[in-house]
Amino acid sequence: MAPSIQSLSMIHDSQECIKPIPAFYCCYLLRSCVRHASLYIGSTPDPARRLAQHNGDRNGAAKRTLRENLRPWEMVAIVSGFTSRVAALQFEWAWQNTKVSRHADLDGNVIQELGVRICPRTGKGVKGTAKPRTSLTNILANLHLLLRSPYFSKWPVEVRFFSADVHRVWQVWLQRVDGLLNDGIRVVTDFALDGISEVERKELLAGAGRVGTLDVGYNSIKEYVEKSQFLLEDGERINCGVCKQRLILQHDIIAVCSHSSCHCAAHLSCLSSHFLKDKDSDSELIPREGTCPACYGKLEWLTMMKEISLRLRGQEEVNRLFRRRRQAGTPKGQGLKSVRGRGRGHSEDESDALQVSTGLDIVDLTPCSDDPWTIDCAIGELGGIAHRPGGESSGNDSDATITPEMETPPQRRRRNQNTRTQRLGLQKSATINLSDWDDAEVIE
């Protein structure tokens, strides 16, 4: 059954205080490249930026990572897939304080009683009196323990290892422990810093290594968001793909299939029941994944929830996602007018397409400095489209271009001296008087 109008109005009224599901949030494990026994657990929405802070390249490092004799730090593992900052902080605290966490079964944490460590290089157990809280084996064992707990095992998280020796310790511990992880928790490897020299390793660490390649934005679902907006704003009648009832676009919470070729939409509650019915599980209240009732493609629940939360709560994030990036070197708020044709009656995208199809180069007579347009400035901005009087155009385009009549440097200096007193105390204008181009001639 679709949610009531009253409940939906409460959701829409609270859009200003409720943020959408974050694009990325993770808990991470740091290890000192100088002293491997020094480890640190934290959380962040941007691992590359946070790693740069810990290494002193940016401000904001944690107190425990400020010591220069322990830098640089490397990020050896992350746990991602949290649906909110609060959820990530909750898991971070439980990982740091597993012994006192209510989500951990201490009877199964045998490593704290035996004090067993696993050597990352050999993969063999080492008995000793080392502090169990600071050992890599103990931290990974606590991670495995939390992921097996009834609370965290339901979360759609992913464990990613960036170091082969740390992953080796993880695999050895899996062979020692009795419990297994939930099938919905994925464990992936991303080794890029192994098998290289120490110099190359430090250079990669300075650039965040493989951590810097993680997608921490909404770019992965950009086409999905655009497709949903187009489908729901089209105005046509849309029926639920599960219950076949008409969808009320203004009131119903609607889930759209993430596959580009499928136009299936359904009530969120109907689709959830459909997923859980296919799963045939009475213990789960929220599904992890399912199949589309129309195209039978695989759908991830978290991806669909991100799109819905962006549509209902994240108008700023959506605007930022589809905002056209300003070209490097172009002043803020000013587009690259010199290479953009603007036809009357066409939008910005349509005028760009029109210029490409017709091959027209429309010159914008906008000054690049306080002085009148000079030859060097014209050539630099227009890439050789504007040419010297009496000369030949640098391009092979046969379309007509407008070339202003240039003044000599002495004439320009005299004119500047006459107008300097009039402009004193006033802000310099960045526009050109149209009378300056009364004598402009069209070269055919």
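From the backbone N, Cα and C atoms, a Cβ is placed for every residue, glycine too.
Per Swiss-Prot, the range carrying the annotation zinc finger out of 16-71, 72-127, 240-295 is 240-295. Broken down by DSSP into helix, strand and coil, the domain 'GIY-YIG' (23-105) contains 29 helix, 21 strand, 33 coil. Taken residue by residue, the zinc finger (240-295) breaks down under DSSP into 12 helix, 10 strand, 34 coil.
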